[in-house]
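Q: I have a structure I would like to understand better, so I am pasting it below and will then ask my questions one at a time.
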């Protein structure tokens, strides 16, 4: 079919076959004539051709069929009850079905599928069956004293099965908790707000509540919440995350697309096999304008409105997400510890295999020869002996495999992220929580992070007048210089009108419909400002923390907040400050803002807005071109309004307007006066804004030929418009105050004590930036005297790489910086070896946020693009939250190191003790039975992980220097403690096991009864557990004397007091109580299942006192400097030890290099300690 034939067919289809059904067929409810699939076809793929099939060449048909209005949006009687409407019943809302988590039983089954657990279960069942056979089918046996021996072997089988069940249950419970934690995190990070027009009002709603037919307002930095068709404006979108297309795509209104489609596919055009569609290129190289905004794409520049056509699972983003099965991510630390656990497991498996081979070989020698010890036993007893060997070997594997390592990091991260959320950090990427512990540099924005982001115009120079609303002046001066008084008495009505037009029309902020003015605060802009921070926090937290479908709770909370107070305007804080000034002093009435924008003719004599130029950080200004009905010569003319950074806008001004409307050409004298005013504002830490305009009286249409944009001929090129010679008139200067956040100075000083360098990166001019940096201690007296302590972004980006590296140690303030300057700063710092955290709020900050080791975006003032690019969202935009993130990052690292220290002590001791005692035993039994070992395994894996991985940050955690990138899991001081405690425990348990008969019964080993032997074995087990009990107490504090080489200097309460701040971690205290109580119960009531014989008083005292030796050993090890250990174990010895016993010879890669990324021993920061590693 030719193009004209198909074009005619499209027209015929549209005229004759438009959707006309009204019933419930195809899932369409009454009053809606389009199905979900029909609307979904518009975007998947993007097709204006499909649009024409449905709606024809008139965009108004789109609004007709979706029952919405281009300007007023959809009409809902009660916005909160949208689920009762046919619109919702027909198309749904924009929420996606939640991923169904694994049930608890599924997790139990997954935990039981562990091969070791299954082997142990099979062995337990066999042991149980053999025990029953001996009990019921074999004659009774008697000991040398003639006492009947109780047949209790079957009890051990049952006890092992119960122990396996408990281990599996605990493992499943931990996994279930982890599933819930990640589900909760995903809910928090996937929710956000969008501006929609409903009932002819702009409101903020959750993206999950967006409906088909909603008209949404999009601006730079937004992420498109659902598939929509653009109906007004112009913007650039990044669709790479959805389509993979790396180039940005310009978006135009649907009318442009329909015009191009009709033109390119007209009968007069060249023939093609099929009509051209969005993305196709005609013979002239032109494309059809793209009006289709895909859900999940990002608005990089511009602004506009779109009407929603597909939501939820019917949108492109929804279809993509439902096809994925997102599993919780593994962080680098989790992967590292999993590999470490695998390496340790190798040693356990090797030990178990050797143990089995030794015991089995001896077992064969016992049963094959006629004089062998087991030769005369019946088959069931021989089988039972073999099963004991097998169970002991399998249990060694169970104990040796440190499954608690991955669990510990999961618990530590879950605990830390939960607490960080309470402290104002929403962790989007788990690895960032770990990385913050090593941070050495923080590059922070100023606005909202170091300051409150509660902006108020406190000083200004309208024309040649001056006002001052700050409270620093005497009362009499305040009355004279009050802004309202100055505007009314000193400024002409036309100047006031032009300033009001510039502020009202040249803004994206809008009026808060829920705002209720407090009569008691009619002139209290300061009172208004005080509460902004609290409301922003409430909004931000609700935005990210809605649970399930508790919209009613959210609405109720907002209603309660509204009873107190809210800000009158929503949007950019600079723009809301200017609008507040307009309401306070320029006559803007409540509820009038949107009316003036819709009907500018009424007050301003403006026919229409012809070009909008939204603010971008790279330009530092926003602009607007309007058409006036008539000017002084009674003819229509165009006016360009501009407001932005004072020094940038004012330097392009040719004239200065006086308060009486006379113009004064700018020369060197009055230019210096203006520059001085700007400097004075900046020196007082005020943001200086210039407000200006330029008239175009000689052009009949917009834009003038000389200003026309080559790519978009219907608008003026921004560089030509702003830099056009002559004519820009400066209407006034305004100084905006943004108070420093409470406690920010202390937070910065905390970072400095912690060895973290804080740099301020801001778009403000250098004088303002330096003033604020001094106030918050970033720029101290010592640093400010140094060269290059503060510089502007334009100067910084001109430097060579080597010059940047040379000045960065002194640089603390980067002013008038662009997002590219911030990215360059981060790149240079990382190249110098720093671990860099950076904050960002704008769309253009995304590259820097991605490049940084940890990117912080603003939860209140940040764009959606910035949030998507970040690792952590600062829900309150507060710098103190970054300090908390550093604390918790360090706490995670410390908690993991504590657990590794404890785990390896128990691991080494338990495996060696079991191995040696089994081999040395004449009847091939270990001093620790399988059930006892499973109890020990429960202590060292699950309970210890809960106790040690859930600790809060130490009070002095910010007094230590950061480790940087080369932080190792196991330091010299940790290895000292591991080897010393393991040696102590082995000596104590070996003495009790091998010399117990002589110590307690004054008899040789061969002379004691089986009951006495069982008592000694039980005492060894009891001692072993109490050793771990007190070792856990030692492990809760890492070596605080690290780095102190003086023996006397290491004797301090901070280093040696293991009970310091013990009460702050209730988890630890509870678990210690559980371990101690359970051990006492086992020793009194464990009986046959735990192979326990009643202990004497002396045995109890011995066990507990021997356990306390761990505390004494801990003190001695802490006093010993690390340098002593390094000298004992030289580097060459350690490298050979790692190569052989670390199994590095098995892990060589093909190039011959060692793949030691996950090796147990890592290279340390200090040259002295490398020998020990």
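Backbone N, Cα and C atoms are what each Cβ position is placed from, and that goes for glycine too.
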Q: According to Swiss-Prot, 445, 447 bind Mg(2+); which one of 41, 69, 834, 841 is listed for that same site?
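A: My reading of Swiss-Prot gives 841 as the candidate in that site.
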Q: Quick test of your reading of Swiss-Prot: among 326-346, 389-409, 410-430, where does it put transmembrane segment?
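A: So the range that Swiss-Prot calls transmembrane segment is 389-409.
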Q: With Swiss-Prot as the source, do residue 375 and residue 1128 lie on the same side of the membrane?
A: no
Q: In Swiss-Prot, which of 877-897, 1045-1065, 1066-1086 is tagged transmembrane segment?
A: 1066-1086
Q: Between 955-976, 977-998, which stretch does Swiss-Prot give the note transmembrane segment?
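A: Based on what Swiss-Prot states, transmembrane segment spans 977-998.
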Q: Could you check whether the transmembrane segment (900-922) and the transmembrane segment (1100-1120) come into contact, where contact means at least 3 Cβ pairs under 8 Å with the two residues of each pair 6 or more apart in sequence?
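A: Since fewer than 3 Cβ pairs under 8 Å link them, the transmembrane segment (900-922) and the transmembrane segment (1100-1120) do not come into contact.
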Q: Can you figure out which of 398, 445, 841, 937, 941 (the binding-site residues) comes closest in space to residue 762 (ATP binding site), comparing Cα atoms?
A: 445
Q: Thinking of Cβ pairs under 8 Å, which stretch from 389-409, 977-998, 1011-1029, 1066-1086 has the most of them with the transmembrane segment (930-950)?
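A: That would be 389-409.
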Q: Take the topological domain 'Vacuolar' (1087-1099) and average the pLDDT across it for me.
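A: That region's mean pLDDT is 89.
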Q: Compute the C-alpha separation of residue 907 (Ca(2+) 2 binding site) from residue 398 (Ca(2+) 1 binding site), stating it in Å without decimals.
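A: One finds 10 Å between the Cα atoms of these residues.
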Q: With DSSP assignments reduced to helix, strand and coil, which class does residue 643 (ATP binding site) get?
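A: In the DSSP reduction, residue 643 (ATP binding site) maps to strand.
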Q: Could you check which of the binding-site residues (398, 445, 447, 937, 941) sits closest to residue 822 (ATP binding site), going Cα to Cα?
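A: For residue 822 (ATP binding site), the closest Cα among 398, 445, 447, 937, 941 is found at 445.
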Q: Just checking, which of 643, 816, 822 (binding-site residues) has the fewest C-beta atoms within 10 Å of its C-beta?
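A: Selected from the binding-site residues 643, 816, 822 on minimum Cβ neighbours within 10 Å: 816.
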Q: Rounded to an integer, what is the Cα-Cα distance in Å between residue 816 (ATP binding site) and residue 445 (Mg(2+) binding site)?
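A: Spelling it out, the Cα of residue 816 (ATP binding site) and the Cα of residue 445 (Mg(2+) binding site) are 12 Å apart.
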Q: Taking Cα atoms as reference points, rank the binding-site residues 447, 643, 763, 764 by distance from residue 941 (Ca(2+) 1 binding site) and give the first.
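A: Checked the binding-site residues 447, 643, 763, 764; minimum Cα distance to residue 941 (Ca(2+) 1 binding site) goes to 447.
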